[in-house]
Amino acid sequence: MIRVRTSLKKCDVSLGLRLISTTRTNPTTPTTPRKRRATVFKDTLNKGPSFEDFVSGRAAEVSLDPLERARSTVEENQRLPKWLKTPIPKGSNFHKLKEDVRDLKLSTVCEEARCPNIGDCWGGNDKSKATATIMLLGDTCTRGCRFCSVKTNRKPGAPDPMEPENTAEAISRWGLGYVVLTTVDRDDLIDGGSHHLAETVRKIKQKAPNTLVETLAGDFRGDFQAVDVMAQSGLDVYAHNLETVESLTPHVRDRRATYRQSLNVLKRAKQTVPTLVTKTSLMLGLGETHEEVIQTLRDLREIKCDVVTFGQYMRPTKRHMKVVEYVTPEKFEFWKEQALEMGFLYCASGPLVRSSYKAGEAFIENVLRKRKPLEQQQESLSAFRI
């Protein structure tokens, strides 16, 4: 019995060794490598610098994105050109407006965005020619654009229900000829705050019927219902800013804001109320090219945008993106001429121009006031036909 068991064990061991050896040396077994799915990291790595680029010292140049490449040519401590220096704001009108803003618990983009033109817009002697830009829906934005100094938070406080009434009261006190209502982005609200804005416009028109109202609103995440609510609120100018050219948009604006979405918002506002003046603004000095600015103007004319403004990007703090170029006043004048030649109704262009700067300038005011009687005539004719 012992001999039989020993021989069986020897057979088992030898059989096992044979099986192992045949498995290892079988040349017919297919060995197809498993294909890995593409990832953003993998795509970026494949498009990045090669080993030869690292050896030759070209790696940094190859890996830079367009915005960083433009910035790499900027001097770190370049001096502010003389045409960008402004006097300290002063004057009785300036201080009166500031006091009323505090008393009525209102926010202004003039202060929040540290606008260099606050003294010019608020401090003029003729109040009917002054322009104030009231910021509605609070002073905290749900988005974080890399050029903007307004506070950000995912969940800002609830909108003040008295804000439409208080804003209308302030406008009627000041006796302004033109007011701009702007707003932080409120992605936390279902309608993006469109009904709150529209109610403010209606209140102003009730208390100050001769005041022209412009709203500088966000993109409402591309929600056309919200755009329609704003366009039909009784406002005079519908403004929404592209901010920059298409290639720089992902680097400059919040990821939820896209170039095409902004164009569609302006297009929808015009389609909803064809007599509405539509307006947008572009910052220069971010690294944009001549051809890109021309293409942006073409895109705007294609959707029948009426007004465009150009201004110099100014870095609010060291935490924000750097200035690539200080554009000269002569170049701003060139862009103004280009815009007017392309058929824009009006163009404000200059180093210190902002989207709301001198919004009530005589030319655009005259255009709006001339349109009023025509609109009233059309309404009377349509009512007569009914």
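Positions of Cβ are set from backbone N, Cα and C atoms, glycine also.
The [4Fe-4S] cluster 1 binding site annotation in Swiss-Prot covers CYS110, CYS115, CYS121, SER356. The [4Fe-4S] cluster 2 binding site annotation in Swiss-Prot covers CYS141, CYS145, CYS148. The domain 'Radical SAM core' annotation in Swiss-Prot covers 124-345.
Positions of the features from Swiss-Prot, shown on the structure.
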{"residue": "CYS141", "record": "[4Fe-4S] cluster 2 binding site", "Cβ neighbours (10 Å)": "23"}
{"residue": "CYS145", "record": "[4Fe-4S] cluster 2 binding site", "Cβ neighbours (10 Å)": "19"}
{"residue": "CYS148", "record": "[4Fe-4S] cluster 2 binding site", "Cβ neighbours (10 Å)": "20"}
Listed in sequence order, residues not in CYS141, CYS145, CYS148 with Cβ within 8 Å of the centre of the [4Fe-4S] cluster 2 site Cβ atoms: ARG143, GLY144, PHE147, SER149, VAL150, THR152, VAL184, ASP185, ASP254
Where does CYS141 ([4Fe-4S] cluster 2 binding site) sit by DSSP, helix, strand or coil? strand
